[in-house]
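Working notes for the structure below.
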Amino acid sequence: MHPRFQTAFAQLADNLQSALAPILADHHFPAMLTAEQVSTLKNTAGLDEDALAFALLPLAAACARTDLSHFNVGAIARGVSGNWYFGANMEFLGTTMQQTVHAEQSAISHAWLRGEKGLAAVTVNYTPCGHCRQFMNELNSGLDLRIHLPGRAPHTLRDYLPDAFGPKDLEIKTLLMDEQDHGFTLTGDTLTQAAITAANKSHMPYSHSPSGVALECKDGRIFTGSYAENAAFNPTLPPLQGALNLLSLNGYDYADIQRAILAEKGDAALIQWDATAATLKALGCHNIDRVLLG
């Protein structure tokens, strides 16, 4: 078990501990539960779906990287597939506050990058900030997405974001978590191809500036992130943050990164290179390359 989970795990009910122990035994537990695992945990612990999600929130919050605020937020995105995806907030010292990943963004991008096609609900231990409410409004679940908070009745995103502005106001039909493939040809080595594949998945209907990042760890593991734009622009999630989020949720540290590649168009309206390189260098990675999409 990764050390970050030990305190939260010890506070769980005994029957839930017994069911979770073999799942968490892997140091690189992927911070997600399959639909089958969720069903097993519900039956073993005698909890319904909502109660189980609340019980597991401390494990999600344990994934937080909060060197600045020391305020850990955890979220669980429940996919329409039945799979559950952990998320937690991330802060990066030596960069800027704009590089921060919020817990809801973490869980949602986690689900998206693992191929989830839509979300039924998000469970979070603190009320979503306005930034996250706007981020969630880009999803194909729209304002019907259910939000669950401890000690409160469940509500929809519509309740948390009245008179919402979103992609439909801009006549955008393809939404975040809809399947997308921009068709850029895969070239280069495995890591380069992973970055291009991530760029092909980008949600960028406003700038038309696709980008993807691939991070290679010292043990050969590769994590990718795709660019996810938002109708309100500022809640947009850069591709590097998506990749760093997956890396961290899987129990790796920034020091494990040995190489990084950004794939983007050289003549795009928005360029990720400077911000990507600066953030990676602040985290200790200097082996950074860029491949231009054709």
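Easy rule for this one: first residue shown is 1, then count along the chain.
For all residues, glycine too, the Cβ spot is worked out from N, Cα and C.
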Zn(2+) binding, same site as Cys129, Cys132 - Swiss-Prot member from His70, His102, His155, His182: His102
From His102, Glu104, Cys129, Cys132: recorded positions whose CA lies within 10 A of Met90 (substrate binding site): His102
Cβ-centroid neighbourhood (8 Å) of the Zn(2+) site, His102, Cys129, Cys132 excluded: Ala103, Glu104, Gln105, Pro128, Gly130, His131, Arg133, Phe135
Cα separation, His102 (Zn(2+) binding site) to Glu91 (substrate binding site) (Å, whole number): 9
